[in-house]
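TrEMBL lists these features:
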{"type": "TRANSMEM", "residues": "88-112", "note": "transmembrane segment"}
{"type": "TRANSMEM", "residues": "124-143", "note": "transmembrane segment"}
{"type": "TRANSMEM", "residues": "149-169", "note": "transmembrane segment"}
{"type": "TRANSMEM", "residues": "176-192", "note": "transmembrane segment"}
{"type": "TRANSMEM", "residues": "198-215", "note": "transmembrane segment"}
{"type": "TRANSMEM", "residues": "227-245", "note": "transmembrane segment"}
{"type": "TRANSMEM", "residues": "340-358", "note": "transmembrane segment"}
{"type": "TRANSMEM", "residues": "365-388", "note": "transmembrane segment"}
{"type": "TRANSMEM", "residues": "459-478", "note": "transmembrane segment"}
{"type": "TRANSMEM", "residues": "510-529", "note": "transmembrane segment"}
{"type": "TRANSMEM", "residues": "536-557", "note": "transmembrane segment"}
{"type": "TRANSMEM", "residues": "820-842", "note": "transmembrane segment"}
Amino acid sequence: MSNRARRFRHAVLPLIPLTALLVLFFAPAVANNQSFLFRDAAHFYYPLFAHIQSVWGEGRIPLWNPYDGVGMPLLAEPSSSVFYPGKLIFALPISFPAAFRWYVILHFALAYLTSYNAARRLNVSHAGSILAAISYSFGGYVVATHANVIFLVGAAWAPLALLAVVRLAGEQPKKTAAPLFALSLAMMILGGDPQAAFHLTLVAGGYFLCTHWRLLRTPLLFAKRSIPLAAAILLAAGLSAVQVLPTVEWAARSRRALVDQPRTVYSYARHALAGDDVTAEVLLGKVEQGTQERESYQFSFGPWRWPELVWANFSGKMYPENHRWANAIPAEGRVWAPSLYVGGTSLALALIGAWGWRSQPLGKLLIALVAIGVLGSLGWYGLGWLLIELGHDLQLWSKESLGVGEPFGGLYWLLNTLVPGYASFRYPAKLWLLAALAGSLLTGFGFDAERERAFRGLTLLMLGLAAVSCVALIGVTLQQSKIVAAAAQVPADLLLGPINGKAGVVDMQLSMLQAIIVAVCVVVILFLAKKRPPIVASLLVAVVMVDLYAGLSWTIATAPDAMWESCLYSDDYQMANRWYRHLSATDYPPEFAAKSSPDRQIDGLRFDRMTLFPRYHLLEKVGSIVPSNSLAPADYTLLVEAMQKDLQPNDMAERLSAAGVIRFDRTTPDGQVLLDGPLTKTIPMAWIADGHRQFPIDDPRSRNSWREAAEAFVHQHGRLAMLHGEEASPLLNGPAQENIIDQVDYDRVQDDVIEIAVSLSQPSYVIVQEYYDAGWRAEIELEDGEKITSPTERANVVFQAIALPAGRHHVTLRYVPASFYRGAAISLVCVLGLLVWTVFAFRP
């Protein structure tokens, strides 16, 4: 075979299993015009991306979202991924559902190709690289991210970032490593997954330090050697500045930034040295419900999830009907990934690869990443949790006497307390990405090592897996009555209904039977292929592909595109700009909890659409005053909490300029949705204040400061402007014009442009019921022709106030966030810098 033919063969061969897997997992959705149904893919990203694309389609930049709450920044929300280059697919002349579908599918392809490329560049064989790519991109964790697409984007670029990390830390670093690292980090951030980029940056710094720690004896040499890495990180920040700067500015105002007690040891030391009244409660893992400190530990993987690595549905299938018997475990929390399955073959090869490479720097890195991913994703289940459980079960001590909380002593707790800024992130399960990626590369190394030894180690491990699975299958069969009885005691899921314990047991048994069959097939292949070693790789690839499809295909739930395309609100209701969804996130018709159904996810979709949860209001182009955002603003969140506590739903809706309230009748099995509107006393979107008073915010990062302001506003009578600046505007000092009748005409021209015609008999504040942000600018054309441009003032906790003299004026409000324009300029410059750097890197 000629070199040219060989190169062509090596280029085409990896595409064959990729194509087969994409067809197996996604062909039904493409052929039947169906969109992804599970969780955030359906009710968060589909409406969000559709809204963003509609704004682009109108020739505008998606900067402001008037439909979330009382208006919020859109670009600044990292999950919006407005400027991610991959979203150019939405500009193609295809329908939005098709574009969204292919956006997901092509990122699976990208994850496969980048992991294959990373393995090859790390000297894994072609066959080993294919196995690594399959086990990574179609393993349980990454497959689960189809429902959380921004984390799929992070997973797709992570292999290139890790490859660049290894090359940057090498004794002879590759010239292309730094620009590759910068590009991959920037794509993660722009794609909506800054936490993955942060993790890979920590990995890069840690690995570089461990590799070159001896250079610390000569600081100048160490600094010189670290220049490419530092430059790559700075370039990544610059490339993504158009997203980073608005997000950082917005994050500082989010509820994640509220700090009641120190989150890090550094903050605690600073406050303690200053003599402030602080405690170490958060540092000891004692976090309160409803705080960022507690919420950050949601979606932790308990150790009872680990058997899913070899038994796909060990915990029972989560949907379409509720078979998840693992919910009977008292400590089980919210589920991030329905299954963590990678298959016994891939896991066995990864163990072999870890053992064979344990003494090599790269092997140590990959083993460390697996450990970090697995232990870090335990999250809530730290050393404190273990001690609390032991104390309770053995009646040795109480939780109170122990003095620490559940996450204390865990790796994720350690990151929160030691790494500055890390506490602003959330969800330990995201760390599993490191384990999935490193483990898949070890799979490739393990395959190459076994091929040299005629697969003796793999044969033994697969025989061991078959034996353990047989014993487990017998044990589950003997204990099935106890499992079913325990599942029956668990309260029904409010959406998916009661747990079908018997079906959950069957899921376990079939998973163990599948593991046995796969193990036997692998052993037979290895035995029969001794005479023809070249076919071993192809047969193993085929077995792994079928194994993953059999174990995970059920997790790709879909529904017809029409479920999203139909408009459920009439034109009359669409004229009502805002609605108050007076339901909790878990409110569903009682019949859902009473009985399961194979169509329950579709039933839930219909109900969520009708009640505008959580972001379906974006499809309807109506507002929801209690939306679900990845970065919820602290001031508005605390205002809503105060209103929900002290006001009736209709009163709260009226004060936030909502035209109606969405409820449902809990007394009927089908939970009939009730639309209560239009309300008669709704405060208009712009109104003239009868007077004003000052109420400065002492500490914007203090929960109590905002809570006091919110309670003062809730109990305020009359149409007053409660101003939060230090002093009132001098425009209020002018004379009155008694011949003018007070009047305000409000017109929203665009999402980020509002025009107001104002007639005032005396100097007054005009209150605009739009969320206050420093990016809003008021262009005021006074009656005498004078034009003034100034920022608006914060009033009534979250709204905007404009001071005007007496007379007839025209006011145009425009949202022009300086952080966006600064970030865009920096990103453009850095794109040019990346191109120049790349050109020089590829020069001989």
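Keep in mind that glycine also has a Cβ here, set from the backbone N, Cα and C atoms.
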Six or more residues out from either end of the transmembrane segment (124-143), which same-chain residues have a Cβ under 8 Å from its Cβ atoms?
10, 13-14, 17-18, 21, 25, 108, 111-113, 115-116, 152, 155, 159, 308-309, 312, 337-343, 346, 349-350, 432-433, 435-437, 439-441, 443-448, 451, 537-538, 540-541, 544-545, 548-549, 551-552, 555-556
Mind checking which residues of the chain, 6+ beyond the ends of the transmembrane segment (820-842), have their Cβ under 8 Å from one of its Cβ atoms?
61, 63, 75, 83, 175-176, 178-179, 182-183, 235, 238-246, 775
Would you call the transmembrane segment (510-529) and the transmembrane segment (340-358) in contact, using three or more Cβ pairs under 8 Å, pairs 6 or more apart in sequence?
yes
Count the Cβ pairs between the transmembrane segment (176-192) and the transmembrane segment (227-245) that lie under 8 angstroms and are 6 or more residues apart in sequence, then report whether there are at least 3.
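When sequence-distant Cβ pairs are counted, the transmembrane segment (227-245) touches the transmembrane segment (176-192), since at least 3 lie under 8 Å.
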Given a Cβ distance threshold of under 8 angstroms, which distant residues of the chain, six or more beyond its ends, lie next to the transmembrane segment (88-112)?
18, 21-22, 25-26, 29-30, 33, 35-36, 41, 45-46, 49-50, 53, 56, 133-134, 136-138, 142, 146, 149, 152-153, 155-157, 159, 561, 564-565
Which listed stretch (227-245, 340-358, 536-557) has the most C-beta pairs under 8 A with the transmembrane segment (459-478)?
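Stretch with the highest Cβ contact count: 340-358.
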When you check the transmembrane segment (340-358) against the transmembrane segment (536-557), do you get at least 3 Cβ pairs under 8 Å, counting only pairs 6 or more apart in sequence?
yes
Where else in the chain does the transmembrane segment (227-245) make close Cβ contacts, counting only residues six or more beyond its ends and a cut-off under 8 Å?
75, 78, 81-83, 164, 168-169, 173, 177-179, 181-183, 185-186, 189-190, 194, 197, 201, 204-205, 208, 819-820, 822-824, 826-827, 829-831, 833-834, 837
